[in-house]
Amino acid sequence: MHRLLPILLLLLTAAPAVGATDSADAERGEYLARIGNCAGCHTAPGGEPFAGGLRLDSPYGTFITPNITPDAATGIGDWGADDLWAAMHDGERADGSPLYPACPYPSYTRVERDDIDAIHAYLETVPAVAHETAPHDLDWPYGYRPLVNLWQALYFEPGTPADTADADPVRARGRYLVEGLGHCDGCHRARGTFGATDTEADAPGAMIHGWYAPPLADPAQAGLQDWPVAEAAALLRSGRTEHAATMGPMADVVFDSLQYLSSEDAQAMATYLKSIPARTVASPERLIGLSERGREAAMREGGRIYANACADCHGDEGEGGDGAPSLAGNRAVTMDNPVNVANMIRRGGFPPATAGNPRPYGMPPFHQLSERELAAVISYIRGSWGNDAAPVSATNLRR
Amino acid sequence: MHRLATIVSCLLYLLCLPAEGIAADDGMGDRVAACTACHAEEGIRLEDGYVPRIHGKPAGYLYNQLVNYQTLRRRNATMNHMVSHLSRDYLYEIARHFAERHPPYPAAAERPGRALAERGEQLVREGDPQAEVPACASCHGERLTGVQPNTPGLVGLPRQYIMAQLGAWQVGTRHAAAPDCMAEITARLDGRDVEAVAAWLAARPVPDNTEPADTPIAEPPMDCGSVPAPDDNA
């Protein structure tokens, strides 16, 4: 008996230690899964977290996101850590077939094994939900999955590209998050043939849910090259700074994902984003020019609309106010592509509610404006108080 | 003793101040400008048609609707967009903001024709036992001004809005948290019943006391689900 006792004691003391490591991994995995925004796609509106069923429309048809809860029959309960690694790093499902790149594994492939294992540990702890999701509804011939093998051979290289070594550990961490789990390029870079991301330094942005995700290389668009790091980090975490508010799909990303960033990681991402070499990136949207008389008429009409509908909150000089960001010098209104500012005026809405901005001010929708009136007020905002962007015509805003 | 009571009531008053501050306004009027663009601060007009009165409805009811819009149980492109990335705490604060406001009600709509009015009044007051339709008043209160915390008032609403809601339940674009009793009830109504209820309710003069009833319904005819409100610290 006395020989057994030490062994028993050892077992008793060792067991909680193993448990503690598991739960620490799972906790870290929860944080990383937030940054990767897994739940953003793998949760249907109003559905159970990670149980899938969200419809993702694409030029190739509709993808239905799968259930990634630990339910053995309908989820990924029978996936070991190696299986998740194969999916995230190699784009390969547990049965060996390829994953459609609707899942951003071309970005996730840069994530280290340790972090994927932590995410696996976390996913094992989320409640298992029995939810059989519908098969993808893809156009011919894209529904034939083996074609993805061909796609991977042409456009996908697993692992980290060789040129990412960085002497600055903060910037390196930022790049790891931006290009890996954050998969920012998934929206902020155009996609070329068959949905492969355009990797050119001056790639334009891309349309997502009717909004334009502007390129991160252009300081006149979404580039943060000219921003103080602290302000850029604050925008990522709180969705709102004195001069900018995130709206549209980016507001969803802040709400679901980036608001959970640690302040160190937000700082790191901002540091890297700031260091991206600045480029002038042409917008794929061609603005239709206005004659000088047309421009003057738009400025007059736009000024009237602005004074009536906008100035109360955004200020007579576009200087902004308590709830409303400044419009003077605001890139969201001056960048070439006017689709976002048109959406904001037509649809209104709230920036995300976050710890840094828990009670956001909402902008009323102005869907009663005609296309001509909308073009006029946008032209006025783009050409006033030091803003020097070209006017837009109603034709630019037609959908 | 008198003095003690004064001190105690002063202390109680002070304790209540912060909560009252939030309830009173604290910039909420400006924060919800996106809401009052349609649900006007001075109350809606019946001719606005589809836009419902939200002022003075029970906070729990309003909160549930905001959550329903967020989770797409209830579909309206503008409302789904407005609430898509707001926290549950903030949604409840918005709900309380409107629940505590009581702008004047619009004048009642014109009374419908006799046959429609009779059917409408019958459904509201007595229901249709044969079709297993409970009376509206059996849950929404004798005064039809709603019941705390989750049952809305039915007075002062545009006819088009009421018809659209009952229709939305029938075709599945409006749901409540399970058990969704209104889905069951509306499935037992035909088109003329919907028209009759909406026409009669919209023509109903608003009672003197428009507050939702505080006492819960003793024996509700059906089980109705709702999402519990976040902890109310106010």
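Including glycine, each Cβ sits where the backbone N, Cα and C put it.
No curator has checked TrEMBL annotations; they are predicted automatically.
Record features, source TrEMBL:
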- A:1-19: signal peptide (SIGNAL)
- A:24-127: domain 'Cytochrome c' (DOMAIN)
- A:Cys38, A:Cys41, A:His42: heme c 1 binding site (BINDING)
- A:169-277: domain 'Cytochrome c' (DOMAIN)
- A:Cys184, A:Cys187, A:His188: heme c 2 binding site (BINDING)
- A:297-385: domain 'Cytochrome c' (DOMAIN)
For the heme c 1 site (A:Cys38, A:Cys41, A:His42), what does the 8 A shell look like? I mean other same-chain residues with CB within 8 A of the CB centroid. A:Asn37, A:Ala39, A:Gly40, A:Thr43, A:Phe50, A:Gly52, A:Leu54, A:Thr65, A:Ile68
Can you check which residues sit near A:Cys184 (heme c 2 binding site), meaning Cβ under 8 Å from its Cβ, same chain, 6 or more apart in sequence, and list them in order? A:Val178, A:Leu216
Pairwise Cα distance for A:His42 (heme c 1 binding site)/A:Cys187 (heme c 2 binding site) [Å, integer]: 17
Packing count at A:Cys38 (heme c 1 binding site) (other Cβ atoms within 10 Å of its Cβ): 24
Across the domain 'Cytochrome c' (A:169-277), what are the DSSP residue counts per state (helix, strand, coil)? 52 helix, 10 strand, 47 coil
Assigned element (helix, strand, coil) containing A:His42 (heme c 1 binding site), judged by DSSP: helix
With a radius of 8 angstroms around the mean position of the C-beta atoms of A:Cys184, A:Cys187, A:His188, what other residues of the same chain does the heme c 2 site pick up? A:His183, A:Asp185, A:Gly186, A:Arg189, A:Gly205, A:Ala206, A:Ala213, A:Leu216
Below 8 Å Cβ to Cβ and six or more residues apart, same chain only. Which residues does that give for A:His188 (heme c 2 binding site)? A:Gly205, A:Ala206, A:Ala213, A:Pro214, A:Pro215, A:Leu216, A:Ala222
Let me check the 10 A CB neighbour count of A:His42 (heme c 1 binding site). How many other CB atoms are there? 24
Could you state the whole-number distance in Å separating the C-alpha atoms of A:Cys38 (heme c 1 binding site) and A:Cys187 (heme c 2 binding site)? 15
Euclidean distance between Cα atoms of A:Cys41 (heme c 1 binding site) and A:Cys187 (heme c 2 binding site), Å: 14
Tell me the Cβ contacts of A:Cys41 (heme c 1 binding site) under 8 Å, same chain only and six or more apart in sequence, or just say none. A:Leu54, A:Leu56, A:Thr65, A:Cys103
Here the mean pLDDT of the domain 'Cytochrome c' (A:297-385) is 96
